[in-house]
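Visitor: From TrEMBL, for reference:
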type	residues	note
COMPBIAS	396-405	compositional bias 'Basic residues'
COMPBIAS	416-425	compositional bias 'Polar residues'
DOMAIN	117-384	domain 'TLC'
REGION	208-247	region 'Disordered'
REGION	396-436	region 'Disordered'
TRANSMEM	30-53	transmembrane segment
TRANSMEM	83-102	transmembrane segment
TRANSMEM	123-141	transmembrane segment
TRANSMEM	161-180	transmembrane segment
TRANSMEM	255-272	transmembrane segment
TRANSMEM	278-298	transmembrane segment
TRANSMEM	310-332	transmembrane segment
TRANSMEM	352-374	transmembrane segment
Amino acid sequence: MAIRKKSNKNPPLMSHEFVLQNHADIVSCLAMLFLLGLMFEITAKGAIIFVALQYNVTQPATEEQATESASLYYYGIKDLATVSFYMLVAIIIHAIIQEYVLDKINRRMHFSKTKHSKFNESGQLSAFYLFACVWGTFILISENYISDPTILWRAYPHNLMTFQMKFFYISQLAYWLHAFPELYFQKTKKALLAEEKRSVGVCATVVDGRGQDEGGPPSVDGRGQNEGGPPSVDGRGQNEGGPPSRIGEDIPRQLVYIGLYLFHIAGAYLLNLTHLGLVLLVLHYFVEFLFHISRLFYFSDEKYQKGFSLWAVLFVLGRLLTLILSVLTVGFGLARAENQKLDFSSGNFNVLAVRIAVLASICITQAFMMWKFINFQLRRWREHSAFQAPPVKRKAAVTKGRSSRKGTALGLKNGVNGTVPSNGADSPRNRKEKSS
């Protein structure tokens with residue numbers, strides 16, 4: 001009886017599997033609808049809210065500044081529409097990177113299941129961190145943040161932003177919001193693949209009648225274990241070997257850091273702390289980019305460990321610089337400002353309660369990250385020590401086994417437990433008795 005081959009027919013239109021497989025195409029069609037709306041006068045007023053930045057103010061030119069007038073922006077409720085549109089754009093870019101870059105590398109490298117998911121995560125995040133870090137550094141240089149650090153707290157509230165500054169924050173919020181549907185697609189896709197493999201295994205069991213392959217040992221991939229070699233650390237303290245993790249086990253961890261990103265970025269945007277938020281984001285993104293690019297090199301060659309050592313040093317320095325800049329800006333710079341009255345119309349939140357809340361949130365987040373980092377280093381040290389300990393015991397056991405085998409051989413040769421057998425040479429006492 002032959003196994004029926006799986007049909008290559010497409011799933012039913014607008015079914016759950018259809019949306020899962022073609023979500024990037026569906027999202028691109030939605031984005032094209034907004035762009036097409038700009039071409040018609042009837043829909044242009046509604047479509048431009050989603051595509052273009054809103055709430056712009058034109059400042060007249062002054063003698064100290066440029067000769068031309070400058071357009072500045074502030075935030076409002078319409079920014080939610082702009083964020084939603086660029087969230088669609090982020091989903092499209094995510095799918096392009098996944099299909100045309102990461103999937104091709106995965107086919108060539110033949111990663112295991114755990115490495116496959118972690119490689120995709122590091123590939124996506126490293127591309128985003130690199131782009132955001134370069135973009136943020138360009139804004140810092142163009143607006144003289146590096147030459148004049150007092151701009152972080154001077155002339156607060158920073159309710160007016162340049163085009164680059166506002167677009168940077170809009171894109172950050174859009175990217176981290178797009179991670180929620182991507183997590184859903186990822187979880188659903190894993191569930192469908194697991195169900196599909198389970199059904200294939202059931203068919204194979206029915207055909208074979210024994211539940212095993214006709215030749216050779218059971219498949220390693222069918223049990224979710226490592227393809228070979230000892231378990232290794234992926235850079236976050238998680239083993240690549242061992243039994244498979246449950247579907248969606250890694251999602252709570254991702255939800256935590258996505259929520260932290262959205263909380264801090266939206267807080268800096270709404271409290272008009274965009275200058276401080278930009279510096280801290282560039283600093284944090286650089287450290288995270290180093291980690292994920294090191295993990296990508298580690299997956300290609302497991303002997304590569306230098307990147308993680310450099311990341312560990314820069315991670316601690318990054319946490320210290322974050323705390324120093326936050327205390328210097330909020331605790332000293334804003335605390336000495338003249339205007340310390342809560343005013344929602346002008347966007348002034350420079351009051352004691354807000355400053356304490358900002359510093360507390362930053363300090364708690366940095367302490368949480370350091371706690372996770374220390375636990376990771378300790379766990380990694382224990383795993384390396386535990387992995388190196390068994391070979392020594394094995395050598396001792398082998399040496400003991402060899403000595404016991406030698407003793408056994410001597411015993412067989414000379415007798416049991418070192419005594420002379422009765423059928424061997426006679427002792428002197430026996431000789432005397434015989435002679436008498």
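From the backbone N, Cα and C atoms, a Cβ is placed for every residue, glycine too.
Thinking about packing and proximity, how do these listed features fit into the structure?
Guide: Within its own chain, the transmembrane segment (83-102) has Cβ neighbours under 8 Å at 23-24, 27-28, 30-31, 34, 50-51, 119-120, 123-124, 127, 170-171, 173-175, 177-178, 181-182, counting only residues six or more beyond its boundaries.
Tertiary neighbourhood of the transmembrane segment (123-141): same-chain residues 94, 97-98, 101-102, 105, 162, 164-165, 168, 171-172, 175, 278-279, 281-282, 285-286, 288-289, 292-293, 296, selected by CB-CB distance under 8 Å and a gap of 6+ residues from either end.
For the transmembrane segment (255-272), the residues of the chain that approach it from at least six positions outside its boundaries are 75, 156-159, 169, 172-173, 176-177, 179-180, 183, 281, 347-349, 354, 358, 361-362, 365, judged by C-beta separation under 8 angstroms.
Listed as Cβ neighbours of the transmembrane segment (278-298) (distance under 8 Å, sequence separation of 6 or more from its ends, same chain) are residues 118-119, 121-123, 125-126, 129-130, 132-133, 136-137, 139-140, 145, 152, 165, 168, 172, 234-236, 265, 304-305, 307-308, 310-311, 314-315, 318, 321-322, 325-326.
Same-chain neighbours of the transmembrane segment (310-332): 152-153, 273, 276, 279-280, 283-284, 286-287, 290-291, 294, 355, 358-359, 362-363, 366, 369-370, 373, 377, counting only residues six or more beyond its ends whose CB sits under 8 Å from a CB of the stretch.
Residues 260, 263-264, 267, 271, 273, 312, 315-316, 319, 322-323, 326-327, 330-331, 334-335, 340, 342 of the same chain lie 6 or more positions beyond the ends of the transmembrane segment (352-374) yet place their CB under 8 Å from a CB of it.
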Visitor: Suppose you look only at the domain 'TLC' (117-384); what would the mean pLDDT be?
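Guide: Averaged over the domain 'TLC' (117-384), the predicted model reaches a pLDDT of 82.
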Visitor: List, by number or range, the same-chain residues at least 6 past the transmembrane segment (161-180) whose CB is under 8 A from its CB atoms?
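Guide: Counting only partners 6 or more residues beyond its ends, the transmembrane segment (161-180) has Cβ contacts under 8 Å with 53, 70-75, 79, 82-91, 94, 128, 132, 135-136, 138-139, 142-143, 254, 258, 261-262, 265-266, 268-269, 274, 277-278, 281.
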